[in-house]
């Protein structure tokens, strides 16, 4: 057939123009080519010259991205135009092939050129837009006009020649005319707005503010429509992640519209608008405010969702069409077809085009691409809205926290836990609900549509199948609620387990010394057992849910086809059967999700209720001095921002800081004018529970002087400070502040409060850094020695997540903060409580008297130390919530002699203590020592595999990119194997085999269905075609109609059996995976616990407690609950994809050729995505923690923040943290969209190739129609599951890190528990005498470290009292640990009663000795449990021990006596009492050797004297080794050992040693006296 533009049939004479030029159809078509060619000719040179000259096009920063008006409209219209050109092209080709004797190029050539021109137009437009050069748009304008004119001519001619809407080509042309007209209008609009031509002054335009800021990297709102839909702008980020990890810098800032502040203002306005004047107390509805603030994007998302769901039904319909038209033969061209020729060419009717299977295949492809694009767009919009909502809610909660009344916090109406839950759980619940909420209204529509289509395909029997699905939905809902409940139970148990574990780890030293670790280990195992029980239930319900999801479609298909068989007496045709199959697959998803969505909706209701209660709770009162400055803290401060203008980009912190410009305050200091800084006149204050805490208080605080407030414990001293700060509710009376002072207060609370920040940040607390002043403050609080001990000096992170400081160190930092602030007034609430006498003196002299008084600052000091009263300018004495006396010390001396004498006796007592207390090794020394212990092992710490650090180092070493790249994209197979093997080999085998079987059976079901339905088609074909020769009966005769029933009775039972087998296997697989996960979790936790509890004490010195706890909390939780479902989902989706590809390939082998490029594309997509996703996930996790910490920190330090007036600064910090976290989360979800769009498009290509290859191979008579249907149905499922494969791979990789971390701890060495002797060889009552020989003893903590004891020799006779003293670090404590074989004894030995302790089993050795440690440790439980966890002693013995320890009366008074409750860490007893309990614990164990390791450090003098006596009497016949803290305690000992640097320096009776004037011991005692 020759090609010619107008065709060359003889009779039609295509080139004649007798009837007028325009009446020749071919000429009109040629005319239509003109505009297209014109555009191509003009734009190509411009594009190439443009691209050539602007080679920097790619590097242009995105601030040039401008959108001309009508941008999105233009893209949408262009896409429609392209689609219609495709239709026109298809119509031309099909018409051309139908009737014509020769090829008529003019039928489809203009359509093709139009397609090219439209594509070019949009590329051209995009380039003009990015380079902002609107003049060039004129070309497009001319093109639209020309195209519009030529198409209109064509339409007009059609109308003349009686071609009407019943013909497809007429419709297409009409649509094109409309589209060109609209595009013309868009172009005119651009001219109207930008005035770039025909107008004298073109408009100057600037890009949006976000794009001028280089920090904004999230470009989704600013890119063009195509890039928006496909996330093209993310390519550099995701592909770049391969070379170097994504960091916070890379993801930049949020666009203004998405920042928490913007959204907070939106939500807040919507919330406040509901407060009407008539009813000001009515609680505004959070739902309504959420709808008002974020309703529109949700509606948009729902629209996208509806479009996607409707397009989803195109799949099954196209499949049914393709199969149907493949099986029915092309009809013979009948005579009436010829009649439809006008203008010399054939016109087809509108429906005819859709009867062509190739056209349907292309349509199916386009529908899939569109559906997926809409679906992802819908997801993205909801997620963005959800993130915005979360930011707004967090800001709302935070503002509320800053205004909470203090009583709320302290009276327990609002616990910290509740606030943390609001932040961590409730806001996330609402965010998730928002993600899922378009499903709520989209799903019912989807279900109804699906059922209607099924009915249309299969009649009544379809309704049976659908009803199976619908009826099982409530069951799924039930399972979902059960799951939620079980999860709650599990959570409770795991919190219990964590609490126990934390206690064990905190007191591990004591447990090991007392050989109690196994008892406590069992108690953890017991709670773990409960947790596992509820985990089992959880696993069962999860597997049920998975089973339902897999089995419902099988059951529905079974019910439908069996019913169909009984109603219609015949099986369905292939086209119906496979369309129905595809529809069932579509229907299952919404029903499965519906249960989840409903569950989330219920949770969201609860969350909103909690939020509402919280937002309505009490706020702090507005006192007179507050009214003036409320503007600072909240509303106007935020309002006058004009949303964004005032945020100065360079220093966002400064924008509301004018209140804290302290340096300028100096001149305003009221020197002589006002002598009263604060005055309270007959005030009564309460904490809000209607009991007066402070009553009729009238006091004044003189300006620039030192005021002291004294009184007994609990008489209201701290409350008085807080009342002045406005934290309490005033019942009557007022607090007057002199004009400027209120904004200039520094406050140090009694309970020290630190930020999670560096030491320096904690002290400067937002004030500008001034080196001199900082040094002076550090010196006054004697913090320098402590800072020197920290690993990074004052840049070390302290606080919750940082290094744990002791109480005294924390308190000194808080005092330093108050001193450093440049304020007029300083409130110090008992700053000496946790300090020893040296430091108190130093702080009083240097800090308060010198530093503050020199500055003429007003100081209010609450204290118990009466010896400082002589320094006070003004004294307020309090008693039982009211003021007892007020005045100077002289006034009190003259007027209230009694009080003065009482003070005097107290002072004397304190002075005596003072004398005794001044010695070289004070409490502070102890604190510093513990700090040093924690850090002195830096060099060894580096050897512990802290995996994360190691990985980072590896990355830094590898400069050549390839190796790093490889390491980052590898899947951790080793770890996976370790996880699976800890689940047990049998389970793994069972899982693998049942999975494979299940998928084979599912394929078998569908294959059988294909055979069954195809057999029907064969009987109906009347031998006219040879297409089905392969499947006809061999004898060539046609089966009689009677046999079709026989065939059905052959196919049906097999079908039923296969379906039943499939359902059973679904159940088995879902159960095996979950229980495999469960047994792995059980084993991993069990091994971890045993390893860690039996690890040497050295391990705990060098591994931070937080790290160990993380393994037990976060990592264990991941292993318990997250890995099994991910694993299940991964295996299921992978096998589904593989089986689908296998089925398609076996039906049409040609498909395999197309598979190669697709496979390569898929490999690269998943490789890049996994790396980027992992990084973004890490960023999301690491930015979430500081946010949560900031909330809990603020709630704890409310009084301090409000006293300092730093609310605005903390708010700003919260907004920054929220935005950072939201950026990470947004990028993570955008990356997920990036992946899904790509895998979905791949899936669509797979469907297209599958359809194409099967249509093509049908020409050569390969597969039967039923099999084509099977292949296409499977290809459709692939699109759903491809992205799950990648997502699950990425998730599994992240989750396997938890297994890896746990694994790294499983490698730790245990202590050698066995010893070389058997425990049966040790005498029952050993050691009965208590004789100790130390021979040439050398001890080190670790083979890597220097020895701490070098060649020590000593001999202690039975019953001797030995004292060991020496400076800090001389090895005293190491010696005491050596008795218990807790350290590495690498030379020499210790022999107790003739047995070398190194040969003993540890359990035996440690259970026969007693020790009292310097820091008292109590466990939560009962007193009895604390004294005797093994439950071996009688009550009498316990009471006797308590009596010796002077505790009997106190314990008797407690409710429950011996069974009284001890809270966590023994917090309900004072430190002294705790130390006495530890003594009692040692007495309970009647061993003949007692070691006291600086045990009396935290006890006051009186108690200590009692103790000394007790030890002398109760232990008269036992050996006591005392490691001395205060030298005078060992003056009565029988033997004194003085140590220095791990050696024994002096060794003799104390009397003898004292005679050596220049001896070490003598000098100690002198210092002590």
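Quick reminder: no glycine exception, Cβ is built from N, Cα and C everywhere.
The shown structure was predicted, so the numbers you read here are calculated from the model rather than taken from an experiment.
Here TrEMBL gives transmembrane segment for one range in the set 10-30, 73-93: that range is 73-93.
Counted over residue pairs 6 or more apart, the CB atoms of the transmembrane segment (136-155) and the transmembrane segment (1135-1165) come under 8 Å in fewer than three pairs, which marks the two as apart.
Listed as Cβ neighbours of the transmembrane segment (1135-1165) (distance under 8 Å, sequence separation of 6 or more from its ends, same chain) are residues 995-996, 999-1000, 1002-1003, 1006-1007, 1235, 1238-1239, 1242, 1245-1246, 1249-1250, 1253-1254, 1256-1257, 1262-1263, 1267-1268, 1270-1271, 1274-1275, 1277-1278, 1281-1282, 1285-1286. Counting same-chain residues at least six beyond the ends of the transmembrane segment (167-186), those with a Cβ under 8 angstroms from any Cβ of the stretch are 70, 73-74, 77-78, 80-81, 84, 87-88, 91, 95, 114, 141, 144-145, 147-148, 151-152, 154-155, 158, 340, 347-350, 352-353.
Residues of the same chain lying 6 or more positions beyond the ends of the transmembrane segment (73-93) and with a Cβ under 8 Å from any Cβ of it are 107-109, 111-112, 114-115, 118-119, 121-122, 125, 168-169, 172, 175-176, 179-180, 182-183, 186, 224-226, 348, 353, 356, 359, 362, 366. In the predicted structure, the domain 'ABC transporter' (678-905) carries a mean pLDDT of 84. Beyond the transmembrane segment (1050-1073), the same-chain residues lying 6 or more positions past its ends with a Cβ under 8 Å from any Cβ of the stretch are 540, 543-544, 546-547, 550-551, 554-555, 557-558, 561-562, 565, 571, 987, 990-991, 994-995, 997-998, 1001-1002, 1004-1005, 1008-1009, 1011-1012, 1015, 1124, 1127-1128, 1131.
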